[in-house]
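Asks: Sharing a structure here in C-alpha cells format.
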Amino acid sequence: MTPLIFVTGGVVSSLGKGIAAASLASILEARGLKVTMVKLDPYINVDPGTMSPFQHGEVYVTDDGAETDLDLGHYERFVRTRLSRNNSVTTGRIYQNVICKERRGDYLGATVQVIPHITDEIRRCIDEATASFDVALVEIGGTVGDIESLPFLEAIRQVRIERGAERTMFMHLTLVPYIAAAGELKTKPTQHSVKELRSIGIQPDVLLCRSEQVIPDSERRKIALFTNVSERAVIGCPDIDVLYGMPLELRRQGLDEIVIDQFKLSGTASLADLSEWEDVVDAIKHPLDEVTIAVVGKYVDYQDAYKSVGEALKHGGLRQRTKVNLKWVEAQDLEGSDMGALKDIDGILVPGGFGDRGFEGKVLASRYAREQRVPYFGICYGMQAAVVDYARHVAGLEGANSTENDRQSPHPVIALITEWRTTTGEVERRDEKSDLGGTMRLGLQEQRLKAGTLVRELYGRDVVGERHRHRYEFNNRYRTQLEDAGLVIAAKSMDDTLVEMIELPREMHPWFLACQAHPEFLSTPRDGHPLFIGFVKAARARKAGGKLLREVCV
C-alpha cells in the first residue's frame, strides 16, 4: 500500500496547506520517489466548474478535462506528476457516487449512512488516486472543527487504524500568531487546534507552525510538550519572500527526513537535489531586467481568479532573469474609451472569462495593443476579443461579435461549439440548452502549428498539446474572410475543424498572438512555457526600444 501523508489545517483558513504539502512533495520527488497529491474538498459542488471566480478563484483544468480546485495548480507547479480528476475529490462527488450506487442497488437494501458508506467511498477515492506511487500527500480542505470536514477526517482516521503509523502520517498546519502589543508569539491556538483534532481520534505526527517570524526553540519545545508531538517534528514555517523557496526551507529543517524515517524509505530514497529550486529562487531574487504587464480581466478584484496566469507570467520572466510586475486592469473601466490604464506598460495580456460584462473592454484592449504595436497575448476569451476586434476594425465586418454576448449579431465570428471530437475519439455535442457544469471542451487537446508562424518558432515543433476550457470558438464561416484581411490562423485542431491560435504577421505587428487554450496550466517555475517566455521577451524588447538589452536565461 502507498504510504499516505494527510495534511490538515487548524485555527484559521488560508494558511497555505497546499503550498506546504506541494513543497514537501517536491523534496520527496527530488529524492527519487514517485509522488502524487490529492485534494479533498468539503464543499457540496461536484466540482468548482460552476462556482464564482470571486468566491473560489480560478478553476484549474487537468489533462483529462477535470475542473478542479486551484490547489491542484500549486501541486503541478511544484511536482512533475501530471494530475487527473482522481486527484480532486469533493463532498458533492462522494455523495453523487454513493447515491448512484444506492439507486443501482449496490448496497443490497442497506440503510445508506455517512458511516460506513460515505467514509468507505472517500477511502476508495483515496486508494484509486494514490495506487502505484511511492508516497502520496492528501490535503483535506477547510479547517479542523468545520462540520463539513468531519466525514473526511473520520475516513483518514480509519485509514490510520487499518494501515498503521508506518504507512500513514498526520501533518497538521496551524498558526502561531505574533501579538505585537505583548511582543510575544502565542502557542495556545495551536494547542487548542491539536486538542480539537485529537478529540476526533487523530494525533498529529508533525506540526507545521505558520508564523510571521522564526519560532524560538523554547516555543517549539513548549508546543511539542503540550501537543504530544516530537520536538523534532515541530517545524517552523515563517513568512518568506519567495514562495518557491519553501522546499528549501522545509528541507533545511529536515521535514523530508522525518517522512523517510517514519515510512522506512531510507533504502529507496536518494539524497535530495534541490539545485533547480535554488536556481529558481536566485533568479527571482536577483533579476537583471524588469517589465510591466497589464492584465485586462473581469475578476481582477480577486486575483486568485487568475492565479495560474499570474504565476505563468512570473515563470516566463524568471527564465530570463526578468521581474514581471503585474498591473491589474478592470476590463469594464476601458469601455469609456479611456486607455490611460494601458499607458506606459510593456505588454497586454487578456485572460479567459465568461459572459458579456467587460467583453467590450477586452476588445478595446486588443485594439489598443494592435494599433499601438504593444505586445499582446490573448488567452481563451482574450483570443475571442482579438478576433472580434480584427473583424470589426480591419476586415470591415460591422457589428461582429460572439454569440455568447449577442445572438443577433450580423457577423457571429465567435460561436458555440456544437460538435467536436475528444482525445478518446468520441464525438461531443452541445447546444444552448445544455447544462453549464462539465459541458465545455475540456482538457488536453493536440493542435497542429502552421509553418513559418511565430507560434511555430516559439514551440519549436509542429504539434503541441494544450489544456482547454471553453464553450465558444472561432466561427469557421469567417476563416477565409479574416485570413484575406491579413489575420494568420497559426494553429488548428488535428482534424482541421477548430481554430486554436491566431497571430498577426510580424511586418504588421512585432508580437500579437492569441490562443483558445489555457497555456498557463502547463507553466512551471522550473521550465516556464514557450508562449509566456516569448511574451515577456517581447515586452523586454519593447521596453528596450525594439532591441533586447541583454540575453539572459536560467
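Numbers run from 1 along the shown chain.
Glycine is no exception: its Cβ is also placed from the backbone N, Cα and C atoms.
Taken from Swiss-Prot, the feature region 'Amidoligase domain' applies to 1-265. Annotated CTP binding site per Swiss-Prot: SER13, ASP146, ILE147, GLU148, LYS186, THR187, LYS188, PRO189, THR190, GLN191, LYS222, in sequence order. The UTP binding site annotation in Swiss-Prot covers SER13, LYS186, THR187, LYS188, PRO189, THR190, GLN191, LYS222. Under the heading ATP binding site, Swiss-Prot lists SER14, LEU15, GLY16, LYS17, GLY18, ILE19, ASP71. Positions annotated as Mg(2+) binding site by Swiss-Prot, on the basis of sequence analysis: ASP71, GLU139. Under the heading domain 'Glutamine amidotransferase type-1', Swiss-Prot lists 292-545, citing sequence analysis as support. If you look up Swiss-Prot, you'll see GLY353, TYR381, GLY382, MET383, GLN384, GLU404, ARG471 marked as L-glutamine binding site, on the strength of sequence analysis. Annotation source Swiss-Prot lists active site, nucleophile at CYS380, citing sequence analysis. Annotation comment: Swiss-Prot describes HIS518, GLU520 as active site.
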Asks: Sorry to bug you, but what's the C-alpha spacing from GLU139 (Mg(2+) binding site) to ASP71 (ATP binding site), rounded to the closest Å?
Replies: 9
Asks: Select the closest residue to GLU520 (active site) from the following binding-site residues, measuring between CA atoms: GLY16, GLU139, ILE147, LYS186, PRO189.
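Replies: Answer for the nearest of the binding-site residues: GLY16.
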Asks: Rounded to a whole number, how many Å is the Cα of LYS188 (CTP binding site) away from the Cα of LEU15 (ATP binding site)?
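Replies: Distance between the two Cα atoms comes out at 17 Å.
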Asks: Since the record lists ASP71, GLU139, GLU404 as binding-site residues, which of them has the fewest other Cβ atoms within 10 Å of its Cβ?
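Replies: Comparing Cβ neighbour counts within 10 Å for the binding-site residues ASP71, GLU139, GLU404 gives GLU404.
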Asks: GLY18 (ATP binding site) to ILE147 (CTP binding site): how many Å between their Cα atoms?
Replies: 21
Asks: By CA-CA distance, flag whichever of LYS17, ILE147, THR187, GLN191 among the binding-site residues is nearest to GLY353 (L-glutamine binding site).
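Replies: Comparing Cα positions, the candidate nearest GLY353 (L-glutamine binding site) turns out to be LYS17.
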Asks: Going by Cα-Cα distance, pick out whichever of the recorded positions SER14, GLY16, LYS17, LYS186, CYS380 is nearest to ARG471 (L-glutamine binding site).
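Replies: Closest recorded candidate to ARG471 (L-glutamine binding site) by Cα: CYS380.
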Asks: Out of GLY16, GLY18, PRO189, GLY353, which of these binding-site residues shows the lowest number of other CB atoms within 10 Å of its CB?
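Replies: Result for the binding-site residues GLY16, GLY18, PRO189, GLY353: minimum number of other Cβ atoms within 10 Å at PRO189.
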Asks: Enumerate same-chain residues with a sequence separation of six or more from ILE19 (ATP binding site) and a Cβ-Cβ distance below 8 A; give 'none' if the list is empty.
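Replies: Once residues fewer than 6 apart are set aside, ILE19 (ATP binding site) is near HIS74, PHE78, LEU243, MET246.
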Asks: I'd like to know which of the binding-site residues SER14, ILE147, PRO189, GLN191 sit within 10 A of HIS518 (active site) at the Cα level.
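Replies: Those near HIS518 (active site) - Cα within 10 Å - do not exist; the answer is none.
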Asks: Test of understanding: give the count of other CB atoms lying within 10 angstroms of the CB of LYS222 (CTP binding site).
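Replies: If we count other Cβ atoms within 10 Å of LYS222 (CTP binding site), we arrive at 18.
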Asks: Pick from ILE147, CYS380: which of these recorded positions has the biggest number of other Cβ atoms within 10 Å of its Cβ?
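Replies: Max Cβ neighbours within 10 Å, all protein chains included: CYS380.
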